[in-house]
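One structure below.
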Amino acid sequence: MPGSWTFSEKISKKKSAKNMGLVAAIGILLPFPFYYWLWTQPQTWVNLCGKGKDPSKIMAYVSHFLKLLQFIYLYSVSSLSWPPPFYFYPLFAFGQFLNFRVYQLLGESGTYYGVRFGTNIPWVTEFPFGYIKDPQYVGSILSLLACLSWVPFRYILLWILGYLFMIRLESKEDPATRAKPLS
């Protein structure tokens with residue numbers, strides 16, 4: 001009979017969906033071990049990048065690739081519909097504004113752990129710094145929350161937990177553990 005499924009086909013389909021969900025969860029968490037390693041072992045990264053190379057720029061390339069993979073995995077568990085709910089626009093717009101502003105003020109080196117890699121990054125007090133604690137992470141979290149109508153909550157929560165982990169890790173920066181630039 002067309003459209004009917006056997007019991008074993010239904011079980012197989014459920015297992016496949018569960019496995020895809022697990023793969024998506026792993027994909028969403030993919031960048032965080034990388035960031036953890038760079039934050040806790042910056043000299044290793046500077047040495048790996050080599051003399052004459054900008055470790056922040058190389059981190060940015062790797063981070064952009066990992067972010068692309070995160071979006072692909074997030075998309076794989078999404079169900080897009082149009083128009084988005086009313087809360088999408090203000091949350092997403094303000095979240096992306098914060099991300100853009102942080103990057104504008106700190107530049108690539110300031111955004112991609114330059115201080116950990118031995119680069120002197122000037123202290124910034126302009127908005128959103130001094131007004132919002134961890135503005136780049138707040139912006140990213142707001143952008144993720146904007147997508148709740150399309151993405152199951154557990155995946156958004158997982159990604160946000162990754163950001164909260166990094167906020168906590170980065171709040172305990174010890175200047176003595178910063179890398180020394182290769183000369």
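Quick reminder: no glycine exception, Cβ is built from N, Cα and C everywhere.
Bear in mind that TrEMBL entries carry predicted annotations, made automatically and left uncurated.
Owing to the predicted nature of the structure, the values given are computational and were not obtained by experimental measurement.
Marked as topological domain 'Lumenal' by TrEMBL: 1-19. Positions annotated as transmembrane segment by TrEMBL: 20-38, 58-75, 137-165. What TrEMBL lists as intramembrane segment is 20-40. Here TrEMBL flags Ala93, Phe94, Gly95, Glu173, Asp174 as S-adenosyl-L-methionine binding site. Summarising the annotation, TrEMBL assigns topological domain 'Cytoplasmic' to 172-183.
Proximity of distant same-chain residues to the transmembrane segment (58-75), defined by a Cβ-Cβ separation under 8 Å and at least 6 residues beyond the stretch ends, is recorded for 23-24, 26-28, 30-31, 34-35, 38, 45, 49, 108, 111-113, 117, 147, 151, 155, 159.
Note on the binding-site residues Glu173, Asp174: the fewest other CB atoms within 10 A surround the CB of Asp174. Counting residue by residue with DSSP, the topological domain 'Cytoplasmic' (172-183) contains 3 helix, 0 strand, 9 coil. If you average pLDDT over the topological domain 'Cytoplasmic' (172-183) in this model, you get 88. If one looks beyond the topological domain 'Cytoplasmic' (172-183) by at least 6 residues along the same chain, the residues whose Cβ comes under 8 Å of a Cβ in the stretch are 40, 42-43, 45-47, 50-52, 55, 115-119. Set side by side, the binding-site residues Ala93, Phe94, Gly95 differ in how many other CB atoms lie within 10 angstroms of their CB, and the most is found at Gly95.
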